[in-house]
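Reviewing the structure listed below.
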Amino acid sequence: MVFSVAKKDTTPYEGQKPGTSGLRKKVTVFQQPHYLANFVQSTFNALPAEEVKGATIVVSGDGRYFSKDAVQIIAKMAAANGVRRVWVGQGSLLSTPAVSAIIRERIAADGSKATGGFILTASHNPGGPTEDFGIKYNMGNGGPAPESVTDKIFSNTKTISEYLIAEDLPDVDISVIGVTTFTGPEGPFDVDVFDSATEYVKLMKTIFDFESIKKLLASPKFSFCFDGMHGVAGAYAKRIFVDELGASESSLLNCVPKEDFGGGHPDPNLTYAKELVDRMGLGKTSNVEPPEFGAAADGDADRNMILGKRFFVTPSDSVAIIAANAVQSIPYFASGLKGVARSMPTSAALDVVAKNLNLKFFEVPTGWKFFGNLMDAGMCSVCGEESFGTGSDHIREKDGIWAVLAWLSILAYKNKDNLGGDKLVTVENIVLQHWGIYGRHYYTRYDYENVDAEAAKELMANLVKMQSSLSDVNKLIKEIQPNVADVVSADEFEYTDPVDGSVSKHQGIRYLFGDGSRLVFRLSGTGSVGATIRIYIEQYEKDSSKTGRESSDALSPLVDVALKLSKIQELTGRSAPTVIT
């Protein structure tokens with residue numbers, strides 16, 4: 001059978017602007033007639049012709065509700081637009097880091113390589129018929145489309161009048177591995193359904209010393225727990241942690257991917273990963289002895305949370321500790337780090353490591369594509385952000401399972417001569433040792449979700465206006481908390497990319513204090529309704545005798561300053577944040 005190409009008339013939808021992580025909306029929005037098709041055609045039209053005609057693209061995601069329908073629609077549109085091959089992870093499941101790896105690494109049996117891919121995910125947002133869906137396009141380097149491309153996509157969505165689709169192309173059974181070939185007006189079109197985990201596992205084995213991690217996991221003194229939060233990480237967890245590294249299956253929690261993430265919010269933090277938090281002894285008291293090490297990943301497995309026994313590692317500390325230990329612990333970095341980078345709201349723990357180890361250091365806006373540019377230019381090896389994203393230049397996305405393996409590698413290295421000893425070096429030991437050398441950045445983030453957009457704008461505008469007179473700001477701060485250090489500089493963060501010279505403005509409001517502490521205020525665009533205000537509060541403590549305080553006590557004066565300075569309750573009516581991290 002030869003499929004035919006149909007031109008379908010359509011009209012633009014408002015608001016199809018892809019943010020730092022693509023287009024995210026409620027499923028019901030994506031189910032509107034032509035809504036997904038408009039965005040997909042606008043993307044094809046924004047790409048160079050050679051990345052569409054005769055090209056190979058990946059289409060898969062975190063398995064959330066509507067993914068299976070979306071794969072079939074995109075495959076039919078790809079065929080109609082002259083794409084030669086579509087690669088699909090079995091069951092439409094591929095983690096975001098795995099898509100990046102597959103675009104960069106996979107060579108199919110016929111020798112083809114991918115030029116890009118559609119990732120179907122709304123990351124850590126909930127899934128289900130009334131929840132969120134998302135789509136983003138990644139380029140040939142495996143990283144998210146840069147602003148030059150996403151701006152073009154958005155512009156196309158505003159003027160689109162028709163799209164191409166092979167309506168008579170039958171649906172492909174994506175649960176079965178194999179290549180299905182169709183014939184169209186321009187020749188053959190293949191849909192290649194392949195195993196979701198194989199390529200990614202192969203890549204991880206080139207980065208980490210699996211044998212040393214295996215020895216750690218085999219030690220009777222070491223216990224391990226991983227929570228997949230019913231996201232796509234489950235497709236990798238059994239393969240890596242159980243089959244390759246020898247962990248017991250009982251150490252895996254919620255590792256069956258589900259379209260609605262089991263009704264949960266697949267965001268690996270202390271609020272939403274409740275089951276893991278309790279098991280690790282950080283929740284309600286339990287008589288069961290917690291494991292030595294616990295970790296979780298989010299819906300599309302690009303975020304991670306690291307826990308020790310009754311101990312939480314902040315993401316800002318996590319990236320700093322990985323960078324400080326990478327060269328000794330991880331074979332991939334044995335010849336040294338090219339540089340390190342963090343997003344602006346992430347604590348300055350990484351800056352201190354970079355300074356001490358004489359590493360190139362970069363502070364970038366929120367959004368993984370900024371790290372990608374540095375990596376493509378060979379300027380950065382390890383990077384991270386406070387929102388539970390950590391990664392390296394092995395791919396161009398953050399990578400939850402990579403971060404877990406990095407921590408297991410550090411633990412394996414620290415315990416290599418100690419596996420038969422009385423006591424293992426623990427996660428907590430490693431963090432305390434790090435603070436002893438580099439000082440501690442007490443850190444918290446307050447999220448106010450679904451705030452009225454106008455109120456949020458007014459709050460941010462006030463904070464910018466106040467920056468014109470720091471003496472007034474300091475006077476106000478002294479009235480709120482007399483012992484807090486003075487603000488020495490304040491600005492709206494702006495970034496000039498050292499690679500391509502592009503400028504990103506309005507990236508968050510910063511108040512920097514004389515003792516190295518910071519307050520940062522940002523409006524976030526990753527939710528699908530309302531605005532989210534994020535307040536980042538960071539208190540630096542150099543004195544190693546004072547690094548063991550309760551975080552909430554150490555931060556209390558600065559929290560008070562942040563809430564009163566921003567007038568958040570007055571302007572938004574919110575007396576407390578939705579989430580505290």
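Quick reminder: no glycine exception, Cβ is built from N, Cα and C everywhere.
Per Swiss-Prot, the range carrying the annotation region 'Disordered' out of 1-20, 141-160, 261-280, 281-300 is 1-20.
Site annotation for Mg(2+) in Swiss-Prot covers D298, D300, D302, and the matching candidate from S112, S123, S471 is S123. Per Swiss-Prot, alpha-D-glucose 1,6-bisphosphate is bound by S123, D302, R303, T366, E385, S387, K398; the candidate from R24, R510, R518, R549 named for the same site is R24. A separation of roughly 5 Å, to the nearest angstrom, links the Cα atoms of D300 (Mg(2+) binding site) and S123 (active site, phosphoserine intermediate). Considering other CB atoms within 10 Å as the measure, the emptiest surroundings among the binding-site residues R24, R303, K398 are those of R24. Least crowded of the binding-site residues (D298, D300, E385), judged by neighbouring Cβ atoms within 10 Å of its own Cβ: E385. Other Cβ atoms within 10 Å of the Cβ of D302 (alpha-D-glucose 1,6-bisphosphate binding site), summed over all protein chains shown, number 35.
All protein chains shown were included, and the count of other CB atoms within 10 Å of the CB of S123 (active site, phosphoserine intermediate) stands at 28.
Cα separation, S387 (alpha-D-glucose 1,6-bisphosphate binding site) to D298 (Mg(2+) binding site), rounded: 11 Å. E385 (alpha-D-glucose 1,6-bisphosphate binding site) falls within a strand when secondary structure is assigned with DSSP. The two recorded residues R24 (alpha-D-glucose 1,6-bisphosphate binding site) and S123 (active site, phosphoserine intermediate) have their Cα atoms spaced 9 Å from each other.
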